[in-house]
Ligand code: GLN
């Protein structure tokens with residue numbers, strides 16, 4: 001079978017599992033060939049399909065996310081290494097980047113609470129070469145992966161990473177203060193019905209936040225002021241139906257709140273000043 005034929009067959013098979021079956025097949029094929037997707041599409045369609053492809057399609061058909069199979073995900077035009085234990089960066093979160101870059105055009109010190117793959121913090125540092133960053137996460141895997149992604153982007157010398165759990169008192173001591181705080185906390189309701197590719201593969205600790213999905217906002221937002229310089233802003237990602245609830249938490253903590261939407265027009269980020 002050629003690459004082209006194998007792609008057609010795989011896209012048909014993955015249609016039952018994935019909304020992006022053809023794209024998934026192409027990403028898995030490029031990974032099996034060890035080339036970029038564009039090189040594959042331009043040069044390799046008549047080559048024989050490589051051995052490893054069938055096993056990748058099998059894993060995807062069992063709902064494993066493409067990003068865990070290939071070990072990488074694209075975010076805001078850059079490639080980030082990911083692995084199980086790390087939330088896969090989502091296009092929705094690019095709204096947090098757009099919001100941060102416009103609300104805080106020239107930050108010197110940037111903090112990311114729950115740094116994960118590093119997608120938010122490292123993107124802002126890459127876009128703002130004068131800035132330095134601090135990332136914290138409770139997960140050792142997150143600290144490791146963010147460190148590797150920083151090296152791949154050549155910005156490891158502007159980054160400090162700490163393994164801290166904000167459920168444990170004292171986590172914010174000694175971090176200093178910041179001009180911009182980024183945070184995509186867990187915000188999914190405990191009993192939410194998630195797709196199998198999320199529910200069965202991505203880390204529950206990065207997704208779920210109590211019965212209303214608000215637990216982490218309730219912990220973090222009242223502690224923010226000590227971490228923020230006088231003119232600082234904090235940008236929180238939110239679930240599409242959480243703007244009012246999180247806005248209320250923020251106002252009770254003394255912040256002025258502004259809502260931003262994602263490309264699909266859904267509420268996605270809150271600016272706290
Ligand atoms: N948007 C993600 C999802 O629905 C959730 C991310 C999060 O909890 N921070 O899968």
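Just so you know, the numbers here start at 1 and follow the chain as drawn.
Backbone N, Cα and C define each Cβ position, glycine as well.
Note that TrEMBL annotation is computational and uncurated.
According to TrEMBL, the feature S-adenosyl-L-methionine binding site maps to 114, 115, 116, 117, 118, 137, 166, 184. Under the three-state DSSP scheme, residue 114 (S-adenosyl-L-methionine binding site) falls in the coil class.
The substrate binding site annotation in TrEMBL covers 184, 185, 186, 187. Non-local neighbourhood of residue 185 (substrate binding site): 113, 114, 209, 216, 217, 220, 236, 237, each in the same chain, at least six residues away, with C-beta under 8 Å from its C-beta. According to DSSP, residue 185 (substrate binding site) sits in a coil region rather than a helix or strand.
If you look up TrEMBL, you'll see 5-71 marked as domain 'Release factor glutamine methyltransferase N-terminal'.
The domain 'Methyltransferase small' annotation in TrEMBL covers 104-193. A mean pLDDT of 97 is what the model gives for the domain 'Methyltransferase small' (104-193).
Ligand 1 lies under 6 Å from the Cβ of the following binding-site residues, listed in sequence order from 115, 116, 118, 137, 184, 186: 184, 186.
Taking the mean position of the Cβ atoms of 184, 185, 186, 187 as the substrate site, the remaining same-chain residues with a Cβ inside 8 Å of that point are 114, 183, 188, 206, 207, 209, 213, 216, 217, 237. Distance from the CA of residue 137 (S-adenosyl-L-methionine binding site) to the CA of residue 186 (substrate binding site) is 12 Å. Most other Cβ atoms within 10 A: among the binding-site residues 166, 187, that distinction falls to 187.
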